[in-house]
């Protein structure tokens, strides 16, 4: 037995090193927060997930309410609340939740490396994994009670097994990938419509190796398995709330944030004017006296969805333009301000400045004023500069990959993944929504650096010699 353990440790030494590099900083962060700020420091953002999970497991009703009789809700997605509830029934501490989240995130980092090694050399794969592990915002986020961490692990595992299918064409990898993508969707429904990316990516990676009828058969089974995983909850929501969506919460959030921002940028309204316009419209359509009667009520979410869709249909080209504009923060916001907020360093004024809106509106005086009046805002600007540098080198990496025939296919697939998440999540304009595609951005980044190093620095050394 000991010999087997020694052999395994020897054969997986790099994997263990990557795991420890990812886990140790997060463990230190977690312990420091626990002993300095207490257990509730991790709670920010849980938004009733724990209550919903406990109510489902203990009373058979999925709801964030605490008053009996319990009323079922169509939100949030069930995956994370159930994980939280199981964790709470074992050890009722938030520190325990973030402990296993940090383990999950560290395994996620390991599978970034394992996925990358299927296509890239060890330097690029190792660097992308470690950079993801040590990026400051990535250290913070597993230490708050939010759904991203388990989602990231299931999503990356799904992509890893899909990549193994591209290499080996085995049914088991198709099944594993589809099940894991379904579990990821039950945690964060953003990948509910990810199947077209799976389909196109598989066509790109498998052509002309696999015949079209055989590939269609593989991908049809993938779709059936994926739908089977999510169908029970989708059917539950259809029966109870007349909506197949895993969670209707995005419709509510889209109305509160995206619809308002869309009006601000397309109609020139102020934030207050846009809020008043939308709330009055919702009150009128819902037939209630005030907007508080609509808040977080399942029966009114279709009303909010209808209003949002009507705004989009009225200016479809403007909507797509707005979506592209809102993708800027997803690619440039460092999220480092969230670290200051976590440690209760006042950063409200710096956070409220909407950089992308100011740039689009060409209000550079307001931007300059924000930099001048708030030193903490400079941290945000430095973070933006950091990510602009990453994006620039990554863009070069994309071009360099296109120039190599053996990397063209995987580069197209990674661009599809990045493009999907940028467009699907750009309306929220949050740094945490970059996390699913951040590893692929870093792969482009380090390939760009690697190419530049080999092209120029090595040649320069040879010329000197």
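Glycine is treated like the rest: Cβ placed from N, Cα and C.
What TrEMBL records for 15-36 (among others) is transmembrane segment.
The average per-residue pLDDT of the prediction over the domain 'Glycosyltransferase RgtA/B/C/D-like' (81-230) is 96, rounded to a whole number. The annotation domain 'Glycosyltransferase RgtA/B/C/D-like' is assigned in TrEMBL to 81-230.
The feature transmembrane segment is assigned by TrEMBL to 82-111 (among others).
Beyond the transmembrane segment (123-144), the same-chain residues lying 6 or more positions past its ends with a Cβ under 8 Å from any Cβ of the stretch are 14, 18, 21-22, 25-26, 29-30, 33, 42-45, 98, 101-102, 104-106, 109-110, 112-113, 116-117, 334-336, 338-339, 342, 431-432, 435, 438-439, 442-443, 445-447, 450. The feature transmembrane segment is assigned by TrEMBL to 123-144 (among others).
Look at TrEMBL and you will find 150-166 (among others) tagged as transmembrane segment.
Within its own chain, the transmembrane segment (173-195) is flanked in space by residues 77-80, 83, 147-148, 150-151, 154-155, 157-159, 161-162, 164-165, 218, 221-223, 225-230, 233, 245-247, 250, 420-421, 424-425, 436, which lie at least six positions past its ends and keep a Cβ under 8 Å from the stretch. Summarising the annotation, TrEMBL assigns transmembrane segment to 173-195 (among others).
TrEMBL lists 215-235 (among others) with the feature transmembrane segment.
Under the heading transmembrane segment, TrEMBL lists 377-402 (among others).
Among the features that TrEMBL reports, transmembrane segment is placed at 408-430 (among others). Residues of the same chain lying 6 or more positions beyond the ends of the transmembrane segment (408-430) and with a Cβ under 8 Å from any Cβ of it are 119, 159, 190, 193-194, 197, 200-201, 204-205, 253-254, 257-258, 261, 323-324, 326-331, 333, 335, 356, 398, 401-402, 436-437, 440-441, 443-444.
Feature annotation from TrEMBL assigns transmembrane segment to 437-453 (among others).
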### Query
DSSP helix, strand and coil counts for the domain 'Glycosyltransferase RgtA/B/C/D-like' (81-230)?
127 helix, 0 strand, 23 coil
### Message
Are there residues at least six beyond either end of the transmembrane segment (15-36) with Cβ under 8 Å to its Cβ atoms? List them, or say none.
### Response
9, 42, 95, 98-99, 102-103, 105-107, 109-110, 113-114, 126, 129-130, 133-134, 139-140, 142-143, 342
